[in-house]
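Worksheet for the structure shown next.
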């Protein structure tokens, strides 16, 4: 693998994590949104990354050669959470039903913060990989002098 391919792989990871961080931020910003343009409460979104399912055991995977076709992390899509909204009793709310309950997004701020920390750690790992690749390239240039 060349230095540029290593940078491309890390850059694709950075881009994917940036999209994930934007989705998490949107979830946090809309945690109390009870009405959207589509009607009903905001629905939590999640990012799906492309995954490879080879159907092989871990032992067999470790014996295979490096697959040169797997060179990027890609966002496969952004999905809406299918969990039901949580009902909060607030009879004075303009969106309350006849029983006084308001359908609120089923977003756990704690879960979203954990997702944000995980995404941040992945971003940091990709940045470290870029710095390591850069360091190897600079060392190779130094050897060539």
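For all residues, glycine too, the Cβ spot is worked out from N, Cα and C.
Going by TrEMBL, these are the annotated features:
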- 8-34: domain 'Flagellar basal body rod protein N-terminal' (DOMAIN)
- 99-142: domain 'Flagellar basal-body/hook protein C-terminal' (DOMAIN)
For the domain 'Flagellar basal body rod protein N-terminal' (8-34), find every same-chain residue at least 6 residues outside the stretch whose CB is under 8 Å from a CB in it, and list them.
41-42, 44-47, 49, 71-75, 78, 93, 95, 102-105, 107, 109, 112-113, 115-116, 119-120, 122-123, 125-127, 129-130, 133
Reported mean pLDDT - the domain 'Flagellar basal-body/hook protein C-terminal' (99-142):
93
